[in-house]
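Peer 1: So Swiss-Prot says this about it:
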- 1-171: domain 'KARI N-terminal Rossmann' (DOMAIN)
- Y14, G15, S16, Q17, R37, T42, D72, M73, V74, Q75, G123: NADP(+) binding site (BINDING)
- H97: active site (ACT_SITE)
- 172-317: domain 'KARI C-terminal knotted' (DOMAIN)
- D180, E184: Mg(2+) 1 binding site (BINDING)
- D180, E216, E220: Mg(2+) 2 binding site (BINDING)
- S241: substrate binding site (BINDING)
Amino acid sequence: MSNHTQPKIAIIGYGSQGRAHALNLRDSGFDVTVGLRPGGPTEAKAQADGFTVVAPSEAVKSADLVAILTPDMVQKKLYEEVIAPNMKQGACLLFAHGLNVHFDMITPRADLDVVLVAPKGPGALVRREYEIGRGVPCIYAVYQDTSGKAEQFALTYAGGLGGARANIIKTTFKEETETDLFGEQAVLCGGASSLVQAGFEVLVEAGYQPEIAYYEVLHELKLIVDLFYEGGITRMLEFVSETAQYGDYVSGPRVIDAGTKARMKDVLTDIQNGTFTKNWVAEYDAGLPNYNKFKQADLEHPIEEVGKKLRAKMVWLNGQQQAAAAPANQQAA
């Protein structure tokens, strides 16, 4: 590492997280260079934000710390072909998600420190909280500590993002990867979206208006999740009616029962033993045939057409939609 108090940082990728990391770190006093493909979709945006933008192979050469903030499925090739041959001896390699390292798709050079720093929020929130003097909690991990300073570099980076203003928790690459995948699949994305679709179908098939069903099972979910976010499940229960509370107590366990929990454990097992990652890599390498089929099925679900019409009348959503982060498939370097 250089003798400077602050490490020279190369941010590879400029999607939602990449942009937030780069801006926050620069505002925290770090020397930040952004590495992007020449002519790529985010090059002009990074330049407009005032960053020096060079090819990733150039960006990593003089960097003390290289943060890989590109989508999971492009990281292996990026590391092997661009980063590993050009990254200087003894530098620190940083990830925001441990999938590639934990499941041995990337084997970092032995001379490198390898760490993980993951803000627990989307990029737009990471930036917004920093700008108003607060921060988003971060988790961090050390995979390889060649210099003896890897943990300090992770903490310094997390602090530069604003994480020290909130909370910084130590984890491992294994724990971060497996819990993150499980949360996405069983609860946050897979579990929640399937629950909402099923609830909508039950009401519509029973003869209720699709518009009413949409409001009851999807639109109002935000109100509940906001209460979860602010104070946990018990806070939510404090703010709903006694009728809703009683329904929660007696009907929730009928929907999410021991069988559901057992299947959630199966999902976790597939994550832990690498089955999910193996299948995902094979799917990606095959050109995403099933992924695209599943995606199209979601787009064609009746709840989407109903929701589109109803949201068009919710004028307060327009500003929020414009400010939303880009979809994951638009966040490549």
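Just so it is clear, glycine is given a Cβ too, placed from its N, Cα and C backbone atoms.
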Peer 1: Between H97 (active site) and Y14 (NADP(+) binding site), find the distance joining the two CA atoms and give it rounded to the nearest Å.
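Peer 2: It is 16 Å, counting Cα to Cα.
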Peer 1: So what's the average pLDDT for the domain 'KARI C-terminal knotted' (172-317)?
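Peer 2: Mean pLDDT for the domain 'KARI C-terminal knotted' (172-317): 98.
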Peer 1: Among Y14, G15, S16, Q17, R37, T42, D72, M73, V74, Q75, G123, which the record lists as binding NADP(+), how far apart in Å are the two most distant Cα atoms?
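Peer 2: Value for the max Cα separation, rounded to a whole number: 21 Å.
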Peer 1: Which residue counts does DSSP give the domain 'KARI C-terminal knotted' (172-317) for helix, strand and coil?
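Peer 2: Counting residues by DSSP class gives 123 helix, 0 strand, 23 coil.
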Peer 1: Compute the C-alpha separation of D180 (Mg(2+) 1 binding site) from D72 (NADP(+) binding site), stating it in Å without decimals.
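Peer 2: On Cα coordinates alone, these residues lie 13 Å apart.
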Peer 1: So, three-state DSSP: helix, strand or coil for G123 (NADP(+) binding site)?
Peer 2: helix
Peer 1: Going by C-alpha positions, which of the binding-site residues (E184, E216, E220, S241) is nearest R37 (NADP(+) binding site)?
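Peer 2: Nearest in space to R37 (NADP(+) binding site), counting only the binding-site residues, is E184.
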Peer 1: By Cβ count within 10 Å, point out the most packed of the binding-site residues listed: D180, E184.
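Peer 2: Of the binding-site residues D180, E184, the most buried by Cβ count within 10 Å is D180.
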Peer 1: Counting across all protein chains shown, how many other Cβ atoms sit within 10 Å of the Cβ of Y14 (NADP(+) binding site)?
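Peer 2: For Y14 (NADP(+) binding site), the 10 Å Cβ neighbour count is 29.
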Peer 1: Among the recorded positions listed here, R37, H97, whose Cβ has the fewest other Cβ atoms inside 10 Å?
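Peer 2: It is R37 that, of the recorded positions R37, H97, has the fewest other Cβ atoms within 10 Å.
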Peer 1: Which site among S16, S241 has the most other CB atoms no more than 10 Å from its CB, taking these as binding-site residues?
Peer 2: S16
Peer 1: D72, V74, G123, E220: which of these binding-site residues has the highest Cβ count within 10 Å of its own Cβ?
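Peer 2: Sorting the candidates by Cβ neighbours within 10 Å, the top entry is G123.
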Peer 1: Between S16 (NADP(+) binding site) and E184 (Mg(2+) 1 binding site), what is the CA-CA distance rounded to a whole number of Å?
Peer 2: 18
Peer 1: Inside 10 Å of the Cβ of E216 (Mg(2+) 2 binding site), count up the other Cβ atoms and send me the figure.
Peer 2: 14
